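Data first, discussion second: the structure below is written as structure tokens.
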Amino acid sequence: MTAQLIDGVALARQWRARVAERAAALAARGHRPGLAVILVGDDPASQVYVRNKVKACGEAGIHSVLETYPASLTQDELLARIAALNADPTIHGILVQLPLPPHIDAQRVIEAIAPAKDVDGFHVANAGALLVGQRGYWPCTPYGCMKMLEHIGIELRGKHAVVIGRSNIVGKPMALLLLQANATVTICHSATANLAHHTRQADVIVAAVGRPRMLTADMVKPGAVVLDVGINRLPDGKLCGDVDFDAVREVAGWITPVPGGVGPMTIAMLLLNTVEAAERAAG
Ligand code: NAP
């Protein structure tokens, strides 16, 4: 079997077009959506991510403000900027690009963002809303994965989903969203004994680890849906995911590529959360 490809670029384009329509409708009523993006330090990967987010905002008709600060910025200075953005009515979403320099407590910074403007969905209020099944802002990467599953038309009820990784920004919210969709969910992590035993039973696998090509073909049940969240840079400079794509695509039913899979959907969901935040603010 050769898996069908889930084209994240094409699907993200559709979502961005829908967001652009909603942003235009808001702007026509005098409520142009606004996103503030804060970058502290000069991490090259973060610079690329931030640039892509700002560019995507422009294309969707979302006003964006990029604030860049040197790594020497103090935590108090950053908290003061967030307080100002919380109070700014032209800004509906605030995104602080992670990672932050080690002298800044990232969780403290995230908690300073008003939950209504936390379009990354990392604030405990939004994490808690997801846990109890209330509508808050969902973290963009798992949200994008759910849209991909919806797009291919898989019925998740009764399916076994295995999420590899338990971070607060990907693995845990991914598992909760799958649970909410009535899948039976197994969460694997670095202390999981016999990972392959779990993944081989999965109808859906989400790999969110950060280890190049760690999910090999022998770990995948024929016909399974495989979503590859990982972004890893190889010594030759190329990007690859957590999935051994060439081999796994011969076994899986559906698979996402890296690049061009989950990544573009993450940005599309950031735009979607931002336009939703602006709609709520506009009443
Ligand atoms: P993270 O915070 O480092 O979490 C990685 C998770 O993988 C941890 O829960 C860890 O377990 C688990 N893990 C590590 N080694 C393992 C192993 N051998 N077997 C099973 N589990 C193992 O990373 P993250 O922020 O969730 O990101 C994961 C990957 O996704 C990274 O490559 C990141 O760049 C990428 N990413 C992509 C997007 C996108 O838009 N495509 C967005 C966000 C992240 P422990 O908890 O036990 O340590």
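The backbone N, Cα and C atoms fix where each Cβ goes, and this holds for glycine too.
As annotated by TrEMBL, domain 'Tetrahydrofolate dehydrogenase/cyclohydrolase catalytic' applies to 6-120.
Helix, strand and coil counts under DSSP for the domain 'Tetrahydrofolate dehydrogenase/cyclohydrolase NAD(P)-binding' (139-281) come to 55 helix, 26 strand, 62 coil. Marked as domain 'Tetrahydrofolate dehydrogenase/cyclohydrolase NAD(P)-binding' by TrEMBL: 139-281.
Annotated NADP(+) binding site per TrEMBL: G165, R166, S167, I231, in sequence order.
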Around S167 (NADP(+) binding site), how many other C-beta atoms are within 10 angstroms of its C-beta?
16
Does anything in the same chain, at least 6 positions from I231 (NADP(+) binding site), have a Cβ under 8 Å from its Cβ, and if so what?
G210, L239, G241, V258, P259, G263
Chain-internal residues, separated by at least six, CB under 8 A from R166 (NADP(+) binding site):
K172, A175, I187, H189
